[in-house]
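The structure appears right after this line, and notes come after that.
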Amino acid sequence: MTDTILRMSGITKTFPGVKALQDVNLEVRRGEILAVCGENGAGKSTLMKVLSGVYPHGTYEGDIEFEGEPCSFAGIRDSEHRGIVIIHQELALASNLSIAENIFLGNERSKRGWINWNETNQAADELLRRVGLDEKAVTPVIQLGVGKQQLVEIAKALSKDVKLLILDEPTAALNDDDSEHLLNLLRGLRDQGITCVIISHKLNEVMGISDRVTILRDGKTIWTEDIDNLSEEKIIAGMVGRSLENRYPEHESTIGEEVLRIEDWTVHSPTQPDRALVRKANLTLRRGEIVGLAGLMGAGRTELAMSVFGRSYGVNISGRLIKDGKEIQARNVREAINHGIAYATEDRKRYGLNLIEDIKRNVSAAGLSKLAKGGWVDGNEERKVADEFRASMNIKAPSVESVVGKLSGGNQQKVVLSKWIFTDPDVLILDEPTRGIDVGAKYEIYTIINRLADEGKAILVISSELPELLGICDRIYTLSAGRITGEVDRAGATQESLMTLMTKEEQEVAP
Amino acid sequence: MTVAPTNADMSISKGPAGAPDKAPRKVNFDLKQSGIYIALALTIVIFTALTGGDLLAPQNLSNIIVQYSYILVLAIGMVLIIIAGHIDLSVGSVVAASGAFAAVMMVDWHVAWPIAVVATLVFGALVGAWQGYWVAYFGIPAFIVTLAGMLLFRAVTYRILGNQGIGPFPDDIRTLANGFTPGFLKNIALGPLGGADAFSVIVGLLVVVGMVVMQWRARAGRVKFAQSVDPMWLFLTKAILPAILVMFLVVQLARFRNLPWVLVLLAVLVFVYTLVTNRAVFGRQIYAVGGNLQAATLSGVKVKSVVFWLFVNMGVLSAVAGIIFAGRLNLAGPTAGNSFELDAIAAAFIGGAAVQGGVGKVVGAITGGLIMGVINNGAGLLGWQTETVMFVKGAVLLAAVAFDVWSKRRTAGGK
């Protein structure tokens, strides 16, 4: 039976300056599991937000037809009313409430405004049995691990008589056992007639569970294919399938001696201290070399970088840092900076800048001691330094006293880079240095990165965009599920080969 | 996380990619910061008119300063804590506790007053360290810690005093709190204004000249580094208006009984703390912590230690206020300092500090405190009911913060 439960046609969604979705078509058949695959930023989450009414009808173009009827959802309540439930990557449970309270949140089992707790808890127990979660309905959610919380989310969806269940990266934060359990559960639900759309980066999972696969790339649907006609390679080719354009400045690196070696680096999650986010990673950075770190979301890239940078993320960190041949300790950010390590964050607004301050105070923030004598800042010198950076980095602002929050993304990124360059580091870790900035500014950032390498700094670039890594790096490490799964020279790398390494599962890694 | 417009690898609509940002016209006349001075001027004008000029009479000006000095001292510490994104509700109780501590040392134990003063400041520092520990290192919100402190240190006060007032204080302490600089030089005649203390007038002139010279040098420095500066007329207004005001204040005071010692102390504190917030590394770190805690942490600022020392500082300033207050009443009472924290907090917010942290100025807090002081004093002269005074102060606080929020939204909208 191939009766279509959902048809989205001609969906176009525009954000200021960016077309996130362009004429996307998606068809889901009743009782199947459809996987939607694509790189970070391909538009998968946006599409699901359009479907579930997070972006209400009228903010996008195109039509949605569910069970043969056109839909115009004004919000997530409307879509849930029709039986479309989305479970987001970041779980949305009220952690201090019980499982039962969470399941029936906003949908309480009540008469005239008074909750019937016995009925609530009984119904919750029933749902917990269906999803195979062996917990009492009155247990507070905060006591559950992420895997079990995921099951509570599914139970919550079932309580709403779900017809179409959408899961955004459901296993990204789960360990193998929990993932396996979840996938089995989804198969069971399919047999009960519930249709699933699953967004996943884990291709072996996609191959294992889905009936059909739809590929999104750059906000467009590329193709949809039955799983029987597919292989992981074909999916990868679909995900990356575009050519490198001339968007990267020419650069010949002069590579010198080793500057920083990261050995057996292991980092555990601060919320689940028994879960390793980075496992025994080994990396080497050399003078004048631009090294890339590729990995999909949740692979542990940022966790690796931030833990190296003065242990600013994670717990139970083990491993050795060897700088210029000597083992160093960088137990906090100050020590890391003093050892000549700098980290420019992927989220400049939250972690990188003081948006209510001006350019000069942001530029000096990490290297203020260089401008101070006896605890007093030399204001004139600070202004001079900021002005020099404004010129050399081409920060477009009327003066160094412009408030950073009002600059464009590209200029904000240049302020972040200036701040770290001013600390005069030997090692610069750049986490998504071009995220959210326009093409012109990207080119400028690449030029700056090249210049820094020419000055003899060792640079590690973390990026979700494979063409970017292939365009600017001399050597690329791949990270998958916290492990370094490969190290390739630019010459020998293609997007496909990188993607294969990035989706490689743990057991395939040679010990 | 993937709210899609982040990935600019998508087709970018043809925009001014890489084109120079539209240069927002930089208006140096900062409405928000100037608004507060205008508000103070308005308050003064209104109450001068209502009181038929009594507000500005020499003796009354002196009263405003002496009566409100301890709130202003507290406001200095409070604005720093608010800039860092915290709050201190305990300062009233700490004022009482340190006043009691000082009284016991000086009155009951007859400790020499300089030693007792230093010991009281240390006492304040320890109180601040206690609260700073819980806030900074233990991670309890300052609101809770200092709410507890409000009760704890009030209890300590009662225990120290045994539920009764202790006094009288040594003369030196009373002079500090209530007294005036002696006339080192003779009076000079100021024409129709009558006689005034020559020494006070000379000090006033020096301060005024100092203020103008500092502003001039700052401007010259900016010019040298090719930074934008105010047009000359605005600069002169900004330099000369405060100078005239300070000179007016000093002359009036000199006509009465010279300069109050607490004014000298306040002037020194304002000068030092303004310097610290503007120029010291520590001052920068306070703004960095309040502006974006994570960014400050990732820039190597030891945020916990910054917050800890801010509370220590607040404790010391509370002890200063406690000594002044007890000395002024000549008695350390168990209910001293009641609701001082509210006045100090109100002063900081009226003075332009932001609830979210990261914004605020020492001079602003002082100005905010003066607005409240003028209202209190003017209302007293007019014989207003207590509830009227409360109503007016409440309305002023709300209006000041509403103005702050409004001006912020306006600038955000003009992006």
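Note that Cβ sites are derived from N, Cα and C of the backbone, with glycine treated the same way.
TrEMBL tags one of the stretches B:1-23, B:277-299 as region 'Disordered', and that stretch is B:1-23. Comparison of B:36-56, B:68-87, B:233-253, B:306-327 by number of C-beta pairs under 8 angstroms to the transmembrane segment (B:188-213) places B:233-253 first. Recorded stretches compared: B:36-56, B:107-127, B:233-253, B:306-327; the one with the most Cβ pairs under 8 Å to the transmembrane segment (B:68-87) is B:306-327. Long-range contacts of the transmembrane segment (B:233-253) within its own chain (CB-CB distance under 8 A, at least 6 residues past either end) are made by residues 28-29, 56-58, 61-62, 65, 190, 193, 196, 200-201, 203-205, 207-208, 211-212, 215-216, 219, 259-260, 263.
Counting Cβ pairs closer than 8 Å and at least 6 residues apart in sequence, the transmembrane segment (B:362-384) and the transmembrane segment (B:134-153) reach fewer than three and form no contact. Long-range contacts of the transmembrane segment (B:134-153) within the same chain: residues 81, 86-90, 92-94, 96-97, 127, 303-308, 311, 341, each at least 6 residues beyond the stretch ends and with a Cβ under 8 Å from a Cβ of the stretch. Sequence-distant contacts of the transmembrane segment (B:306-327) (same chain, six or more residues past either end, CB-CB distance under 8 Å): 69-71, 73-74, 76-78, 80-81, 84, 86, 88, 91, 94-103, 117, 120-121, 123-129, 131-133, 135-137, 142, 167, 169, 173-174, 176-178, 262, 265, 269, 282, 285-286, 289, 336-337, 340.
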